[in-house]
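Trainee: Pasting the relevant annotations from Swiss-Prot:
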{"type": "BINDING", "residues": "ASP46, ASP114", "note": "Mg(2+) binding site"}
{"type": "SITE", "residues": "TYR84", "note": "site 'Interaction with target DNA'"}
Amino acid sequence: MGLALQHSHRWDLSPREAANLQTRLRPLVLAEDALPDEIRTVAGVDVGFEDHGRITRAAVAVLDFPSLRPSDQAIVRRPTRFPYVPGLLSFRELPALLEALERLNLLPGLILVDGHGYAHPRRFGIACHLGVLTGIPTIGVGKTRLVGTHGELAEDRGSWIPLIDGDETVGAVVRTRRGVQPVYVSVGHRLSLPTAVDWVLRCTPRYRLPETTRQAHRLASA
């Protein structure tokens, strides 16, 4: 199924130009619920690197919802064109991920991104970037904290507390499984933070990470 981008831009940018573009695109993020009436598929995206970082390997894993059974996948390899710069992950990874999405038979109703969304120094992480370009609802699910501070989180599965940066709530610290480290959830595009947390928990029935992320990581690192 063809991927019709809602917005597009050049990718051959310097790190300074890329950071400025994030600031310009940030107002396009919709941090309120605008999901499809029914979500039948959810996807995870992840990226690995081959040949000492010279090749980007992007993977998309699509799962039926609510069964979370794999239904489609795509893997793309292409030369890495952008350096590793903290906070500019999307410029290194998104060109290959967009190509992988283009190869799917059917676009997913929701994408969980292995990375951050609004919980980002310029409030425009890779989950926001992907959502704004494609128009698909997206959630950032980070394994580590990029910005912000938080209080003590209860041990029970489903517990969550705000992630605060300055005077702003930028995400949520979420316990997806009792006795394991939390994940850092943030809005990507077209949903609110409570809804993002709810969907992450729905997609994380057994392990610390969502099943979408686990399947995409398996493809990206195989």
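Quick reminder: no glycine exception, Cβ is built from N, Cα and C everywhere.
Because the structure is a prediction, the values reported are computed rather than measured.
How buried are the listed features, and what sits near them?
Mentor: Counting every protein chain shown, the number of other Cβ atoms lying within 10 Å of the Cβ of ASP46 (Mg(2+) binding site) is 25.
Over all protein chains present, the Cβ of TYR84 (site 'Interaction with target DNA') has 10 other Cβ atoms lying within 10 Å.
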Trainee: Calculate the distance in Å between the alpha carbons (Cα) of ASP46 (Mg(2+) binding site) and TYR84 (site 'Interaction with target DNA'), and round it to a whole number.
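Mentor: TYR84 (site 'Interaction with target DNA') has its Cα 15 Å from the Cα of ASP46 (Mg(2+) binding site).
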